[in-house]
């Protein structure tokens with residue numbers, strides 16, 4: 001009887017977990033992220049294939065996507081704040097998936113009838129197809145941004161309730177899903193495109209998004225039904241007056257600490273609510289500009305402003321597994337097989353960082369977790385700086401950073417032979433793109449030493465532990481310390497800041513594309529990461545105070561802070 005009762009309770013608990021809002025959010029996020037990762041990987045390859053193995057369309061697409069989020073991030077967040085949660089989630093989901101489906105169908109037509117389309121109106125029809133593909137893909141990315149803000153920055157907070165530990169666990173699980181899909185989804189679509197064709201790849205992605213959209217739509221509805229709090233959304237200052245200060249000392253609320261910015265923002269919200277709405281044509285035309293201005297002002301006045309800025313500065317780096325670092329690795333003699341193993345190790349390192357975040361947060365608190373993560377990341381990045389001066393490094397300050405650009409503009413390659421001066425910008429199918437010439441990685445000259453590139457990737461992989469832990473820290477700080485009615489616009493501006501620094505890092509690479517200058521990019525990247533963590537250290541010391549910040553054990557913290565922060569009133 002006892003065994004039967006135990007099995008019954010076990011089955012009930014398993015069933016309860018698989019039907020809980022938390023699991024349904026994980027499942028929906030997994031489906032959404034899988035589709036996003038497949039599309040983001042495939043669209044770059046599609047655009048390169050469309051334009052004769054040139055990087056032009058891919059570069060234009062990246063610039064349009066980054067510029068759109070940079071300019072419209074605050075407007076997207078404001079739209080998320082001012083509309084019901086279910087409407088926002090469903091609209092974003094439908095727009096995102098239909099855009100990908102439409103873009104996939106258009107790409108299939110272009111791949112199938114490219115020669116015929118190119119002959120129409122002297123190629124203008126094909127050019128219009130390129131513009132349509134990039135425009136529709138950009139719309140899909142904007143809808144994906146809105147979906148990310150809605151689910152990861154708002155719904156997760158509501159489902160977690162007032163439990164900070166539950167919120168941390170959910171954030172970590174969502175990030176693990178991101179890490180896994182970031183590796184597995186491109187592998188799947190890459191194999192389909194390799195053994196099939198770009199045409200088949202487009203059809204597969206379009207079909208996946210159609211099926212996934214239906215499942216995600218149902219999952220969103222289930223989560224909404226099972227979480228009544230999602231139907232209640234604060235729109236006024238009275239409904240959202242208390243900040244979610246789960247990690248801040250209670251006495252700071254009455255002083256001139258970091259909550260000053262939030263209090264100022266609340267006062268601005270009152271003025272906004274009391275002011276009469278204007279309906280003139282000029283007022284309506286300029287409303288988007290005012291929304292952008294108000295969003296950036298509100299972001300600046302947040303108590304977590306320096307924490308958010310610190311995260312943005314981490315985007316200004318070449319020390320990641322993107323096309324730039326991958327291209328540089330090919331110039332240093334690493335092949336695709338080795339790079340795939342390194343990417344897998346990077347994913348494992350990132351997962352370790354998310355797991356470490358939940359453990360360290362329980363032991364040391366959220367704010368100190370960010371401090372520890374920053375120290376770990378900077379310590380690992382010292383290896384990257386050392387790689388610049390290690391044997392085998394191509395670092396050479398005598399080669400001007402802009403020499404490649406000047407050579408292409410003037411048509412003069414200078415004294416250096418072209419084969420010795422590759423521009424490490426993209427790796428596709430094991431090829432290096434050097435201007436208009438594609439060189440197989442096997443034709444690169446062998447190196448005398450792999451010490452430099454080994455130190456570089458050792459530092460990059462190890463730093464992922466601190467990076468993802470720090471990212472989760474800042475994410476939860478924003479979730480807990482931004483009032484509910486401002487979550488969307490603040491996270492929208494945060495995304496804009498991230499894209500701004502990401503654009504800066506691409507501009508930096510364009511100005512110094514040759515491998516000899518990559519060491520300079522590494523040093524600049526580590527400098528920006530250091531500046532970002534200095535901003536966070538300033539935020540942490542100002543928030544907790546030096547005495548409390550240096551307390552490491554829970555007992556010391558309890559003595560330094562009699563009133564537990566978890567006892568603060570919160571609103572969801």
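From the backbone N, Cα and C atoms, a Cβ is placed for every residue, glycine too.
Quantities reported herein were computed from a predicted structural model and do not represent experimental measurements.
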Original post:
Which range, 496-516, 517-537, does TrEMBL list as transmembrane segment?
Top reply: 517-537
Original post:
Between 411-429, 430-448, 449-467, which stretch does TrEMBL give the note transmembrane segment?
Top reply: 449-467
Subject >> Which range of 371-390, 391-410, 471-490, 551-570 is transmembrane segment, per TrEMBL >> reply: 371-390
Original post:
transmembrane segment per TrEMBL sits at which of 38-54, 55-71, 72-88?
Top reply: 38-54
Subject >> Surrounding residues of the transmembrane segment (123-143) on its own chain - C-beta under 8 Å, 6+ positions past either end >> reply: 39, 43, 46-47, 50-51, 57, 60-61, 64-65, 68-69, 72, 76, 92-93, 95-96, 99-100, 102-103, 106-107, 109-110, 114, 117
Original post:
Near the transmembrane segment (297-318), which same-chain residues lie under 8 Å Cβ to Cβ, leaving out any that are not at least 6 residues past its ends?
Top reply: 243, 248, 257-262, 264-265, 268, 324-325, 328, 370, 374, 467, 470-471, 474, 477-478, 481-482, 486, 489-490, 493-494, 497-502, 504-505, 508-509, 518, 521-522, 525-526, 528-529, 531-536, 538-539, 543
Original post:
Hey, which bits of the same chain come close to the transmembrane segment (371-390), Cβ under 8 Å, at least six residues off its ends?
Top reply: 310, 319, 353, 357, 360, 364, 449, 451-456, 458-460, 462-463, 465-467, 469-470, 473, 519, 522-523, 525-526, 529-530, 533, 536-537, 540, 549
